[in-house]
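> Attaching a single structure in structure tokens format; questions to follow.
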């Protein structure tokens with residue numbers, strides 16, 4: 001099916017702040033469907049832009065399709081840090097989580113200074129946020145004894161400092177939670193065939209699912225960022241394949257944006 005051209009997409013919600021960019025994070029478990037979902041969103045409207053997760057950086061592969069990516073010193077030095085983390089989590093979890101968050105901040109800040117500056121009603125969708133970096137993935141690795149106490153303390157201190165420097169620019173206006181069962185995510189991991197992920201056990205996905213549910217569904221997960229407790233959340237059930245349900249999903253997103 002041919003992809004329709006982007007069209008002008010005035011926001012249904014008038015904003016007294018003019019062209020302030022609305023920032024929405026797309027959250028969910030590994031292989032819940034985030035990449036597919038953001039690819040749908042970026043085709044909808046010329047005032048909508050997405051910042052994909054910088055997996056290419058983590059795998060040391062330069063992606064020519066991603067305007068937010070460029071070859072970095074860490075990439076030039078070699079090393080697939082995503083694969084290294086999955087193969088030896090006790091050795092590489094701290095390194096990976098620190099680099100994952102750094103590369104995410106860099107990509108998201110670059111997007112804020114990109115073409116949306118001239119958009120009439122700009123919306124920027126992040127594929128995950130600095131908050132899920134810390135409170136879902138890094139904390140799970142610490143609780144699984146893949147980070148020791150010293151590493152976890154340093155990571156939290158570093159994360160707090162980075163957010164003090166840049167966090168105000170990345171504060172979210174809303175979150176879209178793509179909710180899928182761990183079993184469905186495991187099946188999708190096999191189907192998409194990313195080499196680094198093929199050894200992920202169901203238990204790992206179950207732990208991540210529990211954390212996502214605590215944070216985004218039950219809202220019982222505590223963070224150091226009080227404003228997150230009040231950030232609006234749209235939960236979408238994505239257990240079924242949604243490639244043929246674009247229109248329904250887009251309407252739900254538009255309705256959600258109209259409330260922000």
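The backbone N, Cα and C atoms fix where each Cβ goes, glycine too.
The phosphoserine annotation in Swiss-Prot covers 11, 15, 74. What Swiss-Prot lists as ATP binding site is 28-36, 188-192, 240-242. According to Swiss-Prot, the feature substrate binding site maps to 53, 86, 97, 128, 133, 197, an assignment based on similarity to another entry. Per Swiss-Prot, phosphothreonine is recorded for 72, and the stated evidence type is similarity to another entry. Feature annotation from Swiss-Prot assigns active site, proton acceptor to 127; the stated evidence is sequence analysis.
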> Using C-alpha atoms only, work out the spacing between residue 188 (ATP binding site) and residue 53 (substrate binding site) and round it to an integer in Å.
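So the alpha carbons of residue 188 (ATP binding site) and residue 53 (substrate binding site) sit roughly 17 Å from each other.
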> If I restrict to non-local contacts, at least six residues apart, and a C-beta distance under 8 angstroms, what lies near residue 53 (substrate binding site) in its own chain?
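In sequence order, the residues whose Cβ lies under 8 Å from that of residue 53 (substrate binding site) (at least 6 apart) are 34, 35, 104, 127, 128.
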> So the record assigns 53, 86, 97, 128, 133, 197 to substrate. If I measure every Cα pair among those residues, what is the longest distance in angstrom, as a whole number?
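The span, Cα to Cα at its widest, is 19 Å.
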> Taking the Cβ of residue 128 (substrate binding site) as the centre, count every other Cβ atom within 10 Å, in any protein chain shown.
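The answer is 20 other Cβ atoms.
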> Taking the Cβ of each of the binding-site residues and counting other Cβ atoms inside 10 Å, which one has the highest number: 31, 191?
31
> Round to a whole number and give the Cα-to-Cα distance in Å for the pair residue 133 (substrate binding site) and residue 28 (ATP binding site).
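Between the Cα atoms of residue 133 (substrate binding site) and residue 28 (ATP binding site), the distance comes to 12 Å.
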> About how far apart, in whole Å, are the alpha carbons (Cα) of residue 86 (substrate binding site) and residue 28 (ATP binding site)?
19
> Spatially speaking, which of the binding-site residues 28, 31, 241 is closest to residue 197 (substrate binding site)? Use C-alpha to C-alpha, please.
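When the Cα distances are compared, 31 comes out closest.
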> I'd like the number of other C-beta atoms within 10 A of the C-beta of residue 241 (ATP binding site), please.
11
> What count of other C-beta atoms do you get within 10 angstroms of the C-beta of residue 188 (ATP binding site), across all chains shown?
19
> What is the interatomic distance between the Cα atoms of residue 31 (ATP binding site) and residue 97 (substrate binding site), given in whole Å?
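For residue 31 (ATP binding site) versus residue 97 (substrate binding site), the Cα atoms are 18 Å apart.
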